[in-house]
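According to TrEMBL, the protein has these features:
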ACT_SITE  Asp17  active site
ACT_SITE  Asn65  active site, proton acceptor
BINDING   Asp17, Glu204  Mg(2+) binding site
BINDING   18-22, Arg30, His34, 62-64, Trp66, Arg68, Arg185, 191-193  substrate binding site
Amino acid sequence: MTSPAARVPRHIAIIMDGNGRWAQQRHRPRIIGHRAGARAVKSCVEFCLDNGVQALTLFAFSSENWNRPSDEVGGLMKLFLGALEREVDELHRLGARLRFIGERARFAPEILARMQAAESLTAGNARLQLSIAASYGGRQDIAQAARALAEEVAAGRLRADQIDESAISARVALADLPPPDLFIRTGGELRISNFLLWQLAYTELWFTDTLWPDVDAATLRRALDDYAGRERRFGLTSAQVAGHATGGTT
Ligand code: IPE
Ligand code: IPE
Ligand code: MG
């Protein structure tokens, strides 16, 4: 029998979508929605800590989001910097290890410095692995892994026939974490939008119409309850999976 703890996802990955529509519904500028979204991040982190989720990966800004109107991008960068200034100490106190995945070279030096400082400060924490995907794209992630492998082959440290799935897994983002067990997208869209393409291969997907700023513990509880009822087969038959759970053979 599976213990209740085994039914809690170890790693949750979330596309936090719907901030703009949340603001539009209130006839406010989009940036107000992003601000409200930042508040929802805090309650989501608290939920994970309270429920024994070990890793949380949040899609905050995609590679493609750089192409939004410059005032929105500028507003988001300000918000990002403000959150780094205000929230990191508290996250450290709570035992979260903070990391950033994505193309960091595109950020302004002051943001970059804050990101690095947050990572060093929290490097020894183990209660929650909190990864923020910022300027992140799944295709870009796979491309940089391919480039790294090509460089190793060119340098003679690796043979082409040694490139297998585990070699790629080791070079994409979040390589040291178990892949996400549960993917959540808020805001009603049914797509992955270039999030963790490699890492989501066998992740359970859960979608809700709730806009990200409205997400609370009750929303996340529904996602976890739904996840707890899923049977993850990884290509096996249901009977095989049941056999594994009881320690029997099939
Ligand atoms: C998600 O909310 C946050 C970012 C992409 C930065 P959106 O800004 O995409 O909100 P909608 O989808 O327009 O409502
Ligand atoms: C995905 O949301 C990126 C983030 C939530 C950071 P988007 O709003 O950018 O995705 P699309 O454009 O609806 O696919
Ligand atoms: Mg959106």
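All residue numbers here begin at 1 and follow the chain in the order shown.
Any Cβ shown, glycine's included, is placed from N, Cα and C.
A helical conformation is recorded for Gly20 (substrate binding site) in the three-state DSSP classification. Not one of the binding-site residues listed as Trp22, His34, Ser63, Trp66, Ile192 brings a Cβ under 6 Å of any atom of ligand 3. A sphere of 10 angstroms centred on the C-beta of Gly20 (substrate binding site) encloses 20 other C-beta atoms.
Minimal Cβ crowding within 10 Å, among the binding-site residues Trp22, Trp66, is found at Trp66. Closeness to ligand 1 is met by Gly18, these being the binding-site residues among Gly18, Ser63, Glu204 whose Cβ falls under 6 Å from the molecule. Within 10 Å (C-alpha to C-alpha) of Arg185 (substrate binding site) lie the following recorded positions from Asp17, Asn65, Glu204: Asp17. The Cβ of Asn65 (active site, proton acceptor) has 17 other Cβ atoms within 10 Å, all protein chains considered.
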